């Protein structure tokens, strides 16, 4: 049955307008994005199939163009729409960080990092460079590595901090395995970077490890 034939209160779009987006399932939200289904399948049916194929909404959103387009009916136009939506979300979170003091909105920082790094297949080390009031100056992905490791060069981080005239920064890297507990090497690296940057009068405010579903903050766990 087409969604247009459903009772009004069950249709995803009407449900969102009357009850808010939190009331919708992943499949219902995705159906609004898809707009239409296929012969014999409603948009909700198609959304459920996509979620089952990729395993989760996060994996679907971060599928490669080749993986996404391999699904019948999901061509380059839908892929472009999806990634435009993701980029809008990233930029909105980045603006929220930029216009407020970063430490006053740690959840915004976590959301931005999770959306940006959480589903990357290789380890990426990145920095948020901040001014004296802890507002965002720049975001840079500095090093990329393998599934388990990205080689980090403290001198390069120091050079970028000086380039941006940063007074502080937040370190971040993802764990593609999804486990966010810091390793011993993560702890050692953080201490080394704190010492090296302190010589330049640049303060490391936090180091965040990003997984698919959560973000670990060194500051919140008393490790800074």
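Positions of Cβ are set from backbone N, Cα and C atoms, glycine also.
Between the listed ranges 159-172, 173-186, 187-200, Swiss-Prot ties the annotation motif 'JAMM motif' to 173-186.
Within its own chain, residue 175 (Zn(2+) binding site) has 123, 209, 210, 211 as residues 6 or more apart in sequence whose C-beta sits under 8 angstroms from its own. The secondary structure of residue 175 (Zn(2+) binding site), as reduced to three states from DSSP, is coil rather than helix or strand.
Its own atom aside, the Cβ of residue 173 (Zn(2+) binding site) has 26 Cβ atoms within 10 angstroms in the protein chains shown.
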